[in-house]
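Undergrad: Here it is, the structure, as structure tokens.
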Amino acid sequence: MSAPLLKLGAVLSTMAMISNWMSQTLPSLVGLNTTRLSAPDTLVILIMQSPKEGWQVYSSAQDPDGRCICTVVAPEQNLCSRDAKSRQLRQLLEKVQNMSQSIEVLNLRTQRDFQYVLKMETQMKGLKAKFRQIEDDRKTLMTKHFQELKEKMDELLPLIPVLEQYKTDAKLITQFKEEIRNLSSVLTGIQEEIGAYDYEELHQRVLSLETRLRDCMKKLTCGKLMKITGPITVKTSGTRFGAWMTDPLASEKHNRVWYMDSYTNNKIVREYKSIADFVSGAESRTYNLPFKWAGTNHVVYNGSLYFNKYQSNIIIKYSFDLGRVLAQRSLEYAGFHNVYPYTWGGFSDIDLMADEIGLWAVYATNQNAGNIVISQLNQDTLEVMKSWSTGYPKRSAGESFMICGTLYVTNSHLTGAKVYYSYSTKTSTYEYTDIPFHNQYFHISMLDYNARDRALYAWNNGHQVLFNVTLFHIIKTEDDT
């Protein structure tokens with residue numbers, strides 16, 4: 001049912017109720033006989049008195065605004081206006097007014113309900129449209145999801161041959177396992193029958209294997225520094241500054257240790273036959289050098305001590321076996337006596353070191369603006385064979401060491417130090433690195449690499465310690481150029 005029909009039905013129902021009440025109530029109030037007249041659009045209630053006093057009450061069903069109107073026509077006034085009928089008439093008028101007010105309230109409620117019905121009708125229409133939209137969207141979403149599933153299936157299709165290959169590989173692995181079991185049985189049998197082979201033949205095989213292993217080890221001698229672990233504290237002795245070392249070219253049976261305390265005003269070198277003797281303090285021999293040394297960056301290489309002569313840029317080669325100086329040479333333009341030291345000072349201007357390639361000197365010059373210079377030295381004559389100029393300031397370096405022709409530089413000698421810079425003499429290129437190490441005793445005044453031990457020897461604030469190094473090796477084959 002539409003909204004206008006709802007409105008008309010509510011009004012007509014209300015009017016019928018009013019008409020019924022008036023037809024039954026008004027006569028009883030005035031005590032008169034009643035006659036009802038009807039018309040298509042108007043309800044008329046006629047109340048008759050005696051002909052002499054005749055008066056009428058008319059009730060209109062509805063005005064243009066939809067409200068009910070009642071009209072009363074009274075007789076002329078006379079001296080008897082205050083009789084009982086007059087009072088009944090006044091009561092009737094009051095009841096009609098009350099009724100009109102009630103009808104007005106009812107009309108307002110009807111209007112409000114009508115507006116609510118209109119609003120609900122709009123909402124129902126909107127809801128119906130939404131249901132239609134949802135139905136359409138559901139079809140669209142189903143199509144979209146179906147397409148996505150189809151695309152995923154298309155992506156999975158190429159995996160089918162891969163899975164088939166996995167099955168094939170699994171079969172191969174099973175075959176390999178079986179072959180390994182058979183081979184193990186064969187080897188076990190060979191081991192049982194090994195006594196039947198000729199001893200000379202077996203000996204030649206062992207020598208051949210040993211040669212091949214040595215060739216392989218030669219290919220593994222050099223690598224790139226990847227990691228530093230430790231330290232291992234070997235001993236606690238001496239002052240805050242000093243140096244200790246072994247000869248990287250010495251055999252394991254003659255692994256002597258040399259000990260040089262302090263960085264200046266000293267000429268005494270203490271020798272120990274082994275690490276065990278060094279730890280126990282069993283000194284085997286002392287050497288009184290002809291010159292005081294400067295700094296702590298000395299090195300023992302092939303039986304000789306190389307050190308920087310105090311207050312000079314002269315390098316000294318001293319033979320332990322002969323007990324005398326074999327060579328000395330000035331390192332041209334090299335700064336000395338705390339002109340270009342490491343960050344900790346201590347006359348560490350010139351650093352002598354050795355690696356898998358040979359003997360090196362690391363220093364700085366005015367010509368290179370105080371930046372590090374690397375020079376490869378002839379171990380016999382101390383002549384500079386070749387030099388490389390870097391861009392790293394010597395005074396900003398904590399320590400440095402050579403591994404396989406590459407110089408590695410730390411950024412500090414204190415806690416938090418790390419290998420920060422490296423320079424390759426093979427490619428004449430540098431790179432910044434980030435290789436931390438544990439500075440356990442807070443102050444490092446010596447850090448040198450030993451190629452035989454694959455370790456870093458350090459003097460860590462009166463403690464002699466060792467760091468292990470991890471190198472990245474590239475194995476060269478005969479086909480490599």
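Easy rule for this one: first residue shown is 1, then count along the chain.
Heads up, the Cβ atoms here are built off N, Cα and C, so glycines get one too.
TrEMBL entries are annotated by machine, without manual review.
Residues annotated as coiled coil in TrEMBL: 82-144, 173-219. The annotation disulfide bond is assigned in TrEMBL to Cys222-Cys404. The domain 'Olfactomedin-like' annotation in TrEMBL covers 221-473. Residues or ranges marked as signal peptide by TrEMBL: 1-16.
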Undergrad: CB neighbours of Cys404 (disulfide bond) within 10 A?
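TA: There are 19 such Cβ atoms around Cys404 (disulfide bond).
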Undergrad: Output, ordered by sequence, the same-chain residues six or more apart from Cys222 (disulfide bond) with a CB under 8 Å from its CB, or 'none'.
TA: Glu356, Ile403, Cys404, Gly405, Leu471, His473
Undergrad: Determine the mean pLDDT over the coiled coil (82-144), rounding to the nearest whole number.
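TA: Mean model confidence (pLDDT) across the coiled coil (82-144) is 67.
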